[in-house]
């Protein structure tokens, strides 16, 4: 009750303080960047139990998922930046042309300035600090706004940043809509937002007032196509099907119980294969989570009652509730929903119209697997991820050529997130811009073009009086055609 109100004036002061620090050039030094990333590594090492506990409080997230998918992935991002940052900061040589001969050119990466990172609740540490790693490695001052929907994590993030990182250049602002709105009123040099499309439109509208560039990491209905001809050899049939099923389970329920932007949203398979796939899911889900998944310690709970009610509404729709073939158990008091599979839900049902973001997995059937591509296109959106399980090379090629999504994975789910040499980002409704690895550094850098010339080789052609001969020769020089230059010179000589 005694906490000071964070309003637009408070946000303005925060931005001014950070901009004053940035102007000193402090964040541009390689030494400062290294110091902050090493401090972040130390922060993660020394506080892993507290981080795991906060994630348990907010989401009942299993320690395995917290340690592996949040803490370890963050450590990997820090280590990669520390290893490669010196190389990333070096100017890139660029080619020049005859037009400016003699000359040399380079592309210099410079920090954008003061940036804002607005994080999400489902992976509160990873989605907060991973972009910050990129912002720091690029030499920026940063404000981090963690999600209020994960209060224990948000509080711990604020404490850890204050204890370990340079508070004159890196700050955390906690709060909900009023605090976020106050921050968005300010002028930033870049905003990275992770969340849903509705809020993304608000962020983008606020950024447009100041011509601030944005990176939007959103979501969408990420499809999984399962080919009925997944096995090449009859003897390996059940083994291959089991592997495929396990990998879908790991990407769906093993990622925060489906509360992940890249979690499989629905499956498309052929009518004659659907029953075999459902049977495989039943077997593997029971093996992983037991006969009563609500008793399992390896499943996260639903984040809050609003999301529980939203998911319940999807499950209880009249034309969907009768399609449950596995799961369906719920505990409203503990905000738990078991892994639930639906078969042949109508494509016009609520569960197929919006991103599920939870432990529900509909299976849609088609006559031929090739019809899956038309079904994905007819959904009208470009998802953050799309997955295909097949051994058919022709189908793989068609998948890559025809499906537009932030990222594609063949014969697995979600694992592309861990590959730092790949950009992570959406397209269309699933977002814009990308980060991870060097792409994070680039996301928070301005690529400055620099051309160096001496005073030799001054071309009289560019100066008045303008003549047809000068124009012809300059046109040839600009085109880069040696033959054209020779012809222009001969024409000049004989003129």
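A Cβ is built for glycine as well, from the same backbone N, Cα and C atoms used for every other residue.
According to TrEMBL, the protein has these features:
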DOMAIN    7-450  domain 'Aldehyde dehydrogenase'
ACT_SITE  217  active site
ACT_SITE  261  active site
TRANSMEM  473-494  transmembrane segment
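Take the CB of residue 261 (active site) and look out to 10 A: across all protein chains shown you find 30 other CB atoms. The two recorded residues, residue 217 (active site) and residue 261 (active site), show a Cα separation of 9 Å. Summarised as a single figure, the pLDDT of the domain 'Aldehyde dehydrogenase' (7-450) averages 96.
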